[in-house]
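K.L.:
Pulled the feature table from TrEMBL, pasting it below:
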- 92, 93, 94, 95, 96, 97, 98, 99: ATP binding site (BINDING)
- 4-342: domain 'Kinesin motor' (DOMAIN)
- 491-519: region 'Disordered' (REGION)
- 677-707: region 'Disordered' (REGION)
């Protein structure tokens with residue numbers, strides 16, 4: 001399947017955007033950008049004012065995230081499910097909205113980006129597809145300053161990106177590019193996948209630049225490895241999906257950054273890798289070029305299949321049409337036009353698994369042997385099964401029901417006695433709770449089963465009626481699973497709050513064990529932040545509170561998200577209460593229905609009929625059905641709330657970690673400034689330093705000092721920093 005790379009354009013919302021409009025030309029969307037001539041360009045100016053670029057789709061400033069996903073990602077994801085490789089990458093200037101498009105915003109659940117929406121969509125397809133079995137693994141790679149790092153590494157006690165293990169790019173002439181030291185993690189649920197995404201996003205390299213307050217300083221590649229197999233088939237489809245968030249291109253001279261700074265050094269590497277990427281794009285778009293320089297950089301090596309190889313690829317160009325960014329946006333559009341000329345030849349990735357083929361052939365041989373035995377007749381057809389044989393069959397049936405393999409079979413040796421016995425036992429499971437544990441026979445019948453048989457025989461209650469009534473209560477398992485997960489996470493929340501929130505810095509924990517480090521998201525806490533109440537001095541705690549109130553500008557958003565999370569948890573609790581109420585009503589109605597049916601059976605046994613009792617039983621059945629529907633609706637609503645709660649928890653945790661990182665950096669800088677000031681007053685004795693300056697600071701600020709040298713030093717450092725910040729604001 002040979003297709004051109006699909007290119008899309010997304011315009012970042014801006015109040016000062018240049019005049020532009022989009023139209024449809026030859027089934028493609030055309031973006032027209034007007035750049036007026038300037039007087040500073042001189043009288044002789046032949047620059048074009050109108051620029052036209054064609055895209056598969058243009059997303060205006062008012063476009064929502066779900067619209068971007070349905071147009072850009074969904075077709076590629078569907079192809080990946082069918083066995084083709086796929087790639088989606090975002091390209092644009094720094095601050096144009098690439099990370100927002102790919103990963104999403106942290107504040108609102110509706111702002112989820114392409115990656116979390118892709119994960120949600122994939123698991124929906126896995127659940128709805130009954131014909132195929134799926135397995136998925138995840139890896140997360142960041143390319144920073146021409147070095148690759150595994151963002152999902154389980155290593156502990158790292159402080160920065162450089163502490164993560166580096167990956168090595170190897171080239172295999174048979175299977176292509178291999179990445180050494182890049183771990184893949186299997187995931188079976190959407191929650192596990194989102195947790196891995198959260199771990200990787202927390203480890204990403206982010207810095208503040210003049211163009212973007214939170215600029216990602218490396219290229220990030222989130223890869224999904226999907227394996228699918230149709231039931232009773234030996235053919236396996238293996239595909240992979242790259243979701244790439246490229247670092248933003250930027251002009252260092254224009255951004256007024258010091259040339260020797262870390263930000264400038266990062267920008268040079270970013271621009272260099274994007275330059276090599278553009279070289280590859282130009283070489284691929286020119287049909288006469290024989291050599292494509294993939295080996296020039298790690299980025300182009302990793303994306304070798306995605307560009308001109310075995311992949312269905314889509315690109316989304318993010319542009320900012322503000323006057324200061326217009327030239328970079330035009331360059332992005334020109335880059336997209338060159339990408340659109342590239343044609344990839346995607347191949348269906350399926351292969352025959354020898355081990356599965358052997359297993360399938362063995363099953364066929366056993367089935368054929370059983371058919372022969374059935375045709376010849378069982379030699380023990382006239383004998384009854386012994387208790388030992390029945391016991392062995394019970395355990396065999398129980399293991400058969402518990403085995404997750406959809407192709408597992410039972411070997412009954414073609415014995416009709418064993419076949420009939422197994423069918424009866426399976427029927428018993430279907431008529432009971434549906435749990436395989438109940439298949440193992442005990443020494444005697446339970447009283448409840450005896451009562452069921454007694455009533456069924458005496459009052460002529462049909463087995464279908466008993467099955468229908470029991471199905472009403474089977475839904476409680478789903479409710480218990482959902483509520484248990486929410487309650488466990490809710491119990492974990494107070495400990496997490498005590499671990500990181502400012503309340504812990506001001507109030508000592510009641511439980512001594514609560515001062516130890518508590519895991520936040522499996523691996524995140526131990527990896528990123530190990531801070532307990534006892535590790536901070538009183539001055540540092542006070543400094544954190546004042547810094548958060550006076551300096552930390554994102555504190556308002558952080559508190560709003562915590563409030564929204566609390567409201568969602570209250571909604572979940574309300575839904576849980578509704579579920580309990582519906583279940584209680586169903587149980588009560590079930591008892592009334594049983595009593596009414598007993599009365600009807602007694603009257604019919606004496607030759608009388610009572611239409612009122614029959615009508616009452618029908619009314620009770622209708623009420624049971626209504627409450628059962630309400631129960632199911634409440635469970636579905638509770639399931640919908642769960643991913644929103646998870647998204648907010650991850651967002652709050654990410655902000656909490658960033659907040660402490662920023663405070664640590666700020667506090668360290670202030671401590672260094674304070675040490676410089678202290679060195680100029682070295683003539684004072686230690687006693688004078690501890691008493692007189694402390695009393696002056698106490699009188700000037702109204703803050704009583706502790707008398708502890710370290711604590712008082714921290715307090716003084718914070719007070720001086722706060723006074724300096726207030727003075728800057730007033731000036």
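The backbone N, Cα and C atoms fix where each Cβ goes, glycine too.
Because TrEMBL annotations are produced automatically, they should be read as predictions rather than curated entries.
Would you situate these features in the structure and describe their surroundings?
P.N.:
In the shown protein chains, 24 other C-beta atoms lie within 10 A of the C-beta of residue 93 (ATP binding site).
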K.L.:
Counting other Cβ atoms within 10 Å, pick out the least crowded of the binding-site residues 92, 95, 97.
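P.N.:
Comparing Cβ neighbours within 10 Å for the binding-site residues 92, 95, 97, 97 has the fewest.
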K.L.:
Give, as a single whole number between 0 and 100, the mean pLDDT over the domain 'Kinesin motor' (4-342).
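P.N.:
When the pLDDT values over the domain 'Kinesin motor' (4-342) are averaged, the result is 82.
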K.L.:
Just going by other Cβ atoms within 10 Å, which of the binding-site residues 94, 96 has the emptiest spot?
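P.N.:
Across 94, 96, these binding-site residues, the one with fewest Cβ atoms within 10 Å is 94.
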K.L.:
By a simple count, how many Cβ atoms lie within 10 Å of the Cβ of residue 98 (ATP binding site), its own Cβ left out?
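P.N.:
Excluding its own Cβ, the number within 10 Å is 26.
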